[in-house]
Amino acid sequence: MEAEPQLYPVAGAVGAQGDEDQLGVPDGPEAPLDELVGAYPNYNEQEEERRYYRRKRLGVLTNVLAASAGGMLTYGVYLGLLQMQLILHYDETYREVKYGNMGLPDIDSKMLMGINVTPIVALLYTPVLIRFFGTKWMMFLAVGIYALFVSTNYWERYYTLVPSAVALGMAIVPLWASMGNYITRMAQKYYEYSHYKEQDEQGPQQRPPRGSHAPYLLVFQAIFYSFFHLSFACAQLPMIYFLNHYLYDLNHTLYKVQNCGTNSQGILTGFNKTVLRTLPRSRNLIVVESVLMAVAFLAMLLVLGLCGAAYRPTEEIDLRSVGWGNIFQLPFKHVRDFRLRHLVPFFIYSGFEVLFACTGLALGYGVCSVGLERLAYVLVAYSLGASAASALGLLGLWLPRPAPLVAGAGLHLLLTVSLFFWAPAPRVLQHIGVLYAVAVLWGVGSALNKTGLSTLLGILYEDKERQDFIFTIYHWWQAIAIFAVYLGSSLPMKAKLTVLLVTLVAAAASYLWMEQKLRRGVVPRQPRIPRPQHKVRGYRYLEEDNSDESDTEGERGGGRGDSAEEEARPAGPEPGPKPAVVCRRPCPYEQAQGGDGPEEQ
């Protein structure tokens, strides 16, 4: 098999004629200047263009993988640390020996309040922060706040835990809104780089066809949520490899528990106040927290080093230049759009079902019956099921658009109705296989829900000027739902299941009604995005003195600057001698000498 010839010959290589090439032109220092600085005779413009856009596409894939891995590590560290912290602080012996009368339960309640209550006001500042910092830097800043929350656990005091929890609550909605916006923008950029020839034919100002980026968006959202749902499994690693060695078995922790599942009340009523057989050494806790801190720092580096910008610099300027007052108002103005109003119940249910998986299902059905030492394995089953099922979102490439969302809602509907009639007995392990199966199936429904909602928003709202507003509204309603679950944590399990079921039915019906309206051709009412008002005189936005304008453009456009304000001159020959025709603008040196250049006579 012959070797493939090189696309470009090696510079300076000696051919068959010695120091001369095939045309007889000497090579090396004696070569003519045109041969050294001119265009290479074998330059293949199409091949170079193809290679350039292939590198661009690989860069987009790197951005998606880095953002997905950064989100997975960030959320995994946060959940793992919070879970370990709450279990340790729940134990009476640990509180008395380690911290005396400092009041850790009161600190934990205020910390949870800070995490769950602060996002209520996130709709007021999230779009402003994303436009001010930019999408990538908002992601980096929010991941850094998560790392700050991890670092404060080295010194557990009221003045460290509660302020960091409030800061974390402020960063929740900006982080996930910017993540959703970032993945959507990467899908649009991948389409541009894959169809660059069509973009050249249409012109740089021409928008691509509606829905053209949808296949890439489906793939990228499936990748992102495959990583994201793995964060629940990553969060259980400190529990499996560290904390489980210190826990009592279920016969001790569940000794006074009488009712589980649908008959339970609140969260683990009757659970033993001591769950630790031996207290972990402070040195071991510092090691675990240091590992978590290192992982959080790695997530920051991934976002900083491997995630590229979501917008071009000029696009970032345009997004900021619509006015900060307009940026503040636009999320509220989008309520006029009937599509968003119909999707609000699904946004709320999306927050309900995640919290139910982590608290209602994992605690009320899992820990209450099979013990605290198996909590990690229940959540790992949920995580792996959701991560694997995120690939089912790709079915949207072949099935109708409502298929993934309706399938996930139908699966959750069957599971919710089944949980109404299931009350596992405490301290009985015969039904543990059923528990794992329910956790996996619930994860499958969660994956279809999350992937379908994010993809749907990216398809319905393709304009880059409003994507950050849309994802802000989505994650803000999720945060409101999580806050509602936090307030209703003491309700009976049947009340929680009833709320979940009613919300699910309302969400599915409202979504199908929206699709029916779109099929009938009802036009949504979208708020107008104001045109950018550039108040700086940057080189790109000079109106009166365009330094990038050529002479031919100036002549064809009728001139700029003061000529636009001059009155129209009367027709006919002008009195007096005609001025000399100036072929070019004089340079600064000629202006300083008072002349008009070489054309002056």
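Just so it is clear, glycine is given a Cβ too, placed from its N, Cα and C backbone atoms.
Automatic prediction, not curation, is the source of TrEMBL annotations.
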- region 'Disordered' range according to TrEMBL, out of 1-28, 197-224, 253-280: 1-28
- Message: Between the transmembrane segment (60-81) and the transmembrane segment (469-489), are there three or more CB pairs that fall under 8 A, provided the residues in each pair are separated by 6 or more in sequence?
- Response: no
- Message: Which residues of the chain, 6 or more past the ends of the transmembrane segment (495-514), have a CB below 8 A from one of its CBs?
- Response: 262, 338-339, 342-346, 348-349, 352-353, 356, 360, 402, 405-406, 409-410, 412-413, 416-417, 419-420, 488
- Task: For the transmembrane segment (375-398) and the transmembrane segment (111-130), check the count of CB pairs under 8 Å (sequence separation 6 or more) and say whether it reaches 3 or more.
- Result: no
- Message: Before we move on, state whether the transmembrane segment (137-155) and the transmembrane segment (405-423) share at least 3 Cβ pairs under 8 Å, counting only pairs 6 or more apart in sequence.
- Response: no
- Same-chain Cβ contacts of the transmembrane segment (216-243) under 8 Å, 6 or more residues past its ends? 64-65, 67-69, 71-81, 83-84, 87-88, 179, 183-184, 186-188, 190-191, 194, 280, 284, 288, 292, 358, 375-377, 379-380, 382-384, 386-388, 390-391, 393-394, 396-397, 443, 446-447, 450-451, 454-455, 458-459
- Message: For the transmembrane segment (285-311), I need the partner stretch with the highest count of C-beta pairs below 8 angstroms, choosing only from 60-81, 111-130, 343-363, 405-423.
- Response: 60-81
